[in-house]
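Chemist: Take a look at the following structure, please.
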Amino acid sequence: MTDHALLLVNLGSPASTSVADVRRYLNQFLMDPYVIDLPWPVRRLLVSLILIKRPEQSAHAYASIWWDEGSPLVVLTRRLQAAMVEHWPHGPVEIAMRYGEPALPDVLERLAAQGVRKVTLAPLYPQFADSTVTTVVELAKQTIAERKLPLQTRILQPFYDHPDYIQALAASARPYLEQQYDHLLLSFHGLPERHLKKLDPSGNHDFQAADCCKDASAEMRAVCYRGQCLATAKAFAQKMGIPDGKWSVSFQSRLGRAKWIEPYTETRLDELGKAGVKKLLVMCPAFVADCIETLEEIGDRGKEQFIEAGGKELVLVPCLNDHPEWVRVLAGMCENA
């Protein structure tokens, strides 16, 4: 075995569906300053208030989608890891989670102890956000520095418009799109508008523009989450030949009362159901592995909401998971990181 590891990093999951484990996970997640970017005292107070009721609610949601093998997100990421082994001849392939287990700092320390000296760190997020990519990269850097680990790292950059990534999306979704349907909704994870505003030095971010950041500087395009989501959706629709009007974009998983980027997925589900859409396909291209946000929020609650609004059928298109084309594409992108 050589000394160059591939480390696939995803968001994470509670250890179980118990309220205690969910509370512990939510506390770690929400106290990350890249997730709730407020001063520590305010963040601590807000998270403490959230943790009064949210753990029990979330535990019920996790229980509704939990597999015999464990958390779908963790299980699917491990399946991806297993598939990647034959595509990475340079050393071990490991997974880590930003929150929960296996913890990123512990995995880095274990790799160093095994004699690994180079790590290709692959945050499994197609689009850039401080609350996903930056927090992973900064924690890795902090861990290596504080624990004095003899590791060199290279980072897989966001790949939201990489032609091979779009090809992988197309390959995984094609069986669903070849069936009859009325509309395709591409639902991305949402973000508070302030997360984008603080990265835009111009102060002129247009959150309603259909071509968000299209003509902005390369530096701005590299950090504009909304613009990258729109670019992913447009590239995918063009790849699949989906006409304008038959697809749209929305943003899900809003937390709290702050203004988040729009349109909200729950609003679009109502609008589409009331507009006469009967069979709705939903893809979630911000996630590469199915998780509570796809399986429960869209596949269960979203389906119920759409039907109540007048729709007849909502079909959740699976994420990339361990699709062979995605495995091939990810291996190639990591090789060239």
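The backbone N, Cα and C atoms fix where each Cβ goes, glycine too.
Here's the feature list from Swiss-Prot:
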type    : residues   : note
BINDING : H189, E293 : Fe cation binding site
Chemist: So what sits near H189 (Fe cation binding site) in its own chain, CB-to-CB under 8 Å and at least six residues off in sequence?
Modeler: F251, Q252, S253, C284, A286, F287, E293
Chemist: Where does E293 (Fe cation binding site) sit by DSSP, helix, strand or coil?
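Modeler: For E293 (Fe cation binding site) - judged by DSSP and reduced to three states - the answer is helix.
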